[in-house]
Amino acid sequence: MEVDDDNSPSTSAAVPDGETTVPTANSTPVQPPAVPPAVVPPTIAPLPAVVPPIAPIPAVRPPVFKPPVPQNGEVKAVDSDSDHEDDGRATAGEYEISEESRLVRERQEKAMQELLMKRRAAALAVPTNDMAVRTRLRRLGEPITLFGEREMERRERLRMIMAKLDSEGQLEKLMKAHEEEEAAISAKAEDIEEDIEYPFYTEGPKELLDARIDIAKYSIVKAAARLQRARRKRDDPDEDMDAEIDWALRQAGNLVLDCSEIGDDRPLSGCSFSRDGKLLATCSLSGVAKLWSMPRVSKVSALKGHTERATDVTFSPVHDLLATASADRTAKLWSSDGSLLKTFGGHLDRLARIAFHPSGKYLGTTSFDKTWRLWDIDTGMELLLQEGHSRSVYGIAFHQDGSLVASCGLDALARVWDLRTGRSILALEGHVKPVLGASFSPNGYHLATGGEDNTCRIWDLRKKKSLYIIPAHSNLISQVKFEPQEGYYLVTSSYDMTAKVWSGRDFKPVKSLPGHEAKVTASDISADGRYIVTVSHDRTIKLWTAGNIEQENDMDWTEG
């Protein structure tokens, strides 16, 4: 019995797994209940089987979280405890992250390349002169300019092209060839420049040179006569300048409407007296110019030839000729009997005003092509194409000496040009709106301009500044004219349907000439100062005369 206690199941349970027990004779009856030991190992065996697969799990999970998830701003958690599920989700997460990372990396690499390219471009020597930039682009086989490209943009484009060539290793080869070419060209240019002296002016035709010489000779004689007359009036004790001016202003103050005549079916745009005062010329938007006899204003002839509206008409101060300007871009020269003599074509846009040189040999025209031109009336040749205004040129007037010409335009600027040298000697700034009319005073040193700012400005050419500002009208001033003999008064016409007379001494108002029912487009004064004519968009010609001129002439004849 003691042996049986020693061979109890608890004792046998302590036998290790790897050892076998040898049954004995004494223990034979005990074997049937000893069958349970086979069940005990399975209950203990699963424990080691479960523990080994659990141990590698911590080693598998860390790589799932190691990829750069925070760079993309996303955090992905894995909740599954299964090896298969963990592997699948980790693979999907790695694919999404790597795609985003690849895009980010590409952007970073591209930005880095651009930065390096800019740094390399900044280190390259790029010409600053635009012509040099264009030359370099041409030599590199690139377009010298792109549509709408400015100078700085063109230079930056050259910089980037050179940087690209440098990165490809081609810049040194190209630049070496170009430097050799430049050296050859500069050597040739130096050889040529040693033999050639470039002029500081734009060379014109020989006819222009002859015209300048002729104008200089003419102006010297005229200026000497004007100065001699002025000295005589100043030194002669019998000459009373104030009394003469007062008499002229009284005559202007007595102006009355003498005649009104329908001038055309369309609005009138210009008018001019002949040199002897016996003829009056008008033009209209119909393109027809008409001649009228004075002082009855009866129609003499019609001048038809323009295909567009006529903008201005003027008589020659020397010959019985007249010229018309038109929107058909031409000016035409007519005889007083109505026959067409010459057509002056060359302007690129419609003409505005027209004027004869005091010598009667040349004709000046202004145009909306931003130029004014000088023509030879004998040959019909264009002698001078003068630029200088930034916008359309409208008004033109010649100095009575013939040496100067004034032009004004829509750039609110009036310019004075020396016809003997071709230089712009004065730029008169003061008007704030387009300047439409200009006129030189016979005294030789006053210039009047009028424009869309409703003012008439008097400029002193000796002081090169504005002498007086006349707030003349309530609408734009279409034309300004000085009295042609002595400049004792001036006349302004305006779109406020009136013309006004102003003193040439103190520029005070002398007389207002109302009567038109539409805007007054032009006016003129006869050579003897007896008549003033105005034309308007109301299609009428109005002739103004001093009421007591004939009476005073009769009194003078009786006293004589």
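Any Cβ shown, glycine's included, is placed from N, Cα and C.
Residues annotated as compositional bias 'Pro residues' in TrEMBL: 30-70.
Annotation comment: TrEMBL describes 76-89 as compositional bias 'Basic and acidic residues'.
For the domain 'Pre-mRNA processing factor 4 (PRP4)-like' (128-181), DSSP puts the residue distribution at 38 helix, 0 strand, 16 coil. Among the features that TrEMBL reports, domain 'Pre-mRNA processing factor 4 (PRP4)-like' is placed at 128-181.
Annotation comment: TrEMBL describes 1-95 as region 'Disordered'.
Helix first, then strand, then coil: DSSP counts for the repeat 'WD' (303-335) stand at 0 helix, 19 strand, 14 coil. According to TrEMBL, the repeat 'WD' annotation covers 303-335 (among others).
If you look up TrEMBL, you'll see 344-385 (among others) marked as repeat 'WD'. The predicted model assigns the repeat 'WD' (344-385) a mean pLDDT of 95.
When DSSP labels each residue, the repeat 'WD' (386-427) comes out as 0 helix, 23 strand, 19 coil, counted as helix, strand and coil in that order. The repeat 'WD' annotation in TrEMBL covers 386-427 (among others).
Proximity of distant same-chain residues to the repeat 'WD' (428-469), defined by a Cβ-Cβ separation under 8 Å and at least 6 residues beyond the stretch ends, is recorded for 223, 226, 230, 391, 394-401, 404, 406-416, 475-487, 490, 492, 494, 502, 504, 507. Residues annotated as repeat 'WD' in TrEMBL: 428-469 (among others).
The repeat 'WD' annotation in TrEMBL covers 470-512 (among others).
Look at TrEMBL and you will find 513-544 (among others) tagged as repeat 'WD'. Same-chain residues lying 6+ beyond the ends of the repeat 'WD' (513-544) with a Cβ under 8 Å from its Cβ atoms: 248, 251, 255-273, 275-277, 280, 282, 284, 292, 294-295, 297, 312, 475, 478-479, 481-485, 491-501.
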Cβ-Cβ under 8 Å with the repeat 'WD' (303-335): same-chain residues at least 6 beyond its ends:
266, 269-275, 279, 281-291, 341-345, 347-356, 358-360, 363, 365, 367, 375, 377, 522
Report, as numbers and ranges, every residue of the chain located at least six residues beyond the repeat 'WD' (386-427) whose Cβ falls under 8 Å of a Cβ in that stretch; write 'none' if there are none.
201, 204, 212, 215-216, 218-219, 222-223, 226, 349, 352-359, 364-374, 433-440, 442, 444, 447, 449, 451, 459, 461, 464, 479
